Structure formats: structure tokens, C-alpha cells
Ligand code: RTP
Ligand code: MG
């Protein structure tokens, strides 16, 4: 297994911040051994979210997703660690909280809000290219 120190963008989405789960999410990240390189809290505007979610533009969930992400403050984290891009996504669990496994952030903490898949607490970049692009957007 190859090792590689990487950086990724993690977002605690508005549901995570509003529910007071930022600390619990950071606890899991730090317990895993990843390093917090930078962290900021912000209210994302539509322009930033449109760039962040450009790959999803035109999909049926795009508009509700952007509205949800605009609905409250977000905590953005620049996270470093060995293979952290893939590692954080396994820590986060499956996109849909109803099927995310126990032991994951989404499996343990994201509630079943009906069909609101977007309320899944966290975002993590899905590839080195996405990480680079997203870190420039949120921490540029
Ligand atoms: P993320 O980007 O937030 O880390 O999540 P992901 O890679 O697991 O999921 P992705 O396919 O990139 O989707 C981005 C976010 O859009 C919302 N979503 N809603 N209603 C739906 O079918 C649906 N599908 C995706 C979720 O908030 C997802 O995290
Ligand atoms: Mg994604």
C-alpha cells in the first residue's frame, strides 16, 4: 500500500453547524490522526457554491442542494494526512444517511429527514484534482 501525504477540503455543512456537531466531527477527524491545517467559518454565497458544485449543475438535486448550503454558516477545513482524501470519505460514510454504515459520521449522526439526502453533515473532496480545485475556492 502506497502512502502519500495529501490535503483535502472538508466542509461541516449547515445542518452539522446548526445541530452543534462541529466539535464531534472535529473530534473524529483528530482522533483518526489527521491534521487541521486551516479552518474557517463562513456563510457561503451562491457564486462560491455554484463553482463548488459545478459538476452537479442541471441535476434534479442541484437547486435544493445549493439552497440548503446557503441556509446557514459552514465550517471549512483544510485537512492533511496520509491518503486523507479517500480516508476522510470513508470516515464520512455513504452519501445517503439512511444507508451510511454505523461508525461513520453520516451513519452515526445524520438523521433521516425524509428525502433530504443533502442534509448529510459533511463534504469531502473526492479526488486529488477536486481537492486542489476546492481548496483554492474555499481557502484561495
Ligand atoms: P459530498 O460531495 O458532499 O462530499 O458528497 P458525495 O461526494 O458523497 O455526494 P455527491 O454525489 O458529490 O453529491 C453532493 C451532495 O449533493 C447532495 N445530494 N443529494 N437528493 C439526491 O439525490 C442527492 N444526491 C446528492 C448531498 O448533500 C451530497 O453530499
Ligand atoms: Mg461529492
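Just so you know, glycine gets a Cβ as well, placed from its N, Cα and C.
Together with 13, 61, 95, 106, 120, the ATP site in TrEMBL holds one more listed residue from 83, 89, which is 89. Not one of the binding-site residues 13, 89, 106 has a CB under 6 Å from ligand 1. Taking every protein chain shown into account, 95, 120 are the binding-site residues, and of these the Cβ with the most other Cβ atoms within 10 Å belongs to 120. Counting in whole angstrom, residue 61 (ATP binding site) lies 15 from residue 123 (active site, pros-phosphohistidine intermediate) by their C-alpha atoms. Compared over the recorded positions 89, 123, the count of CB atoms lying within 10 A of a residue's CB peaks at 123.
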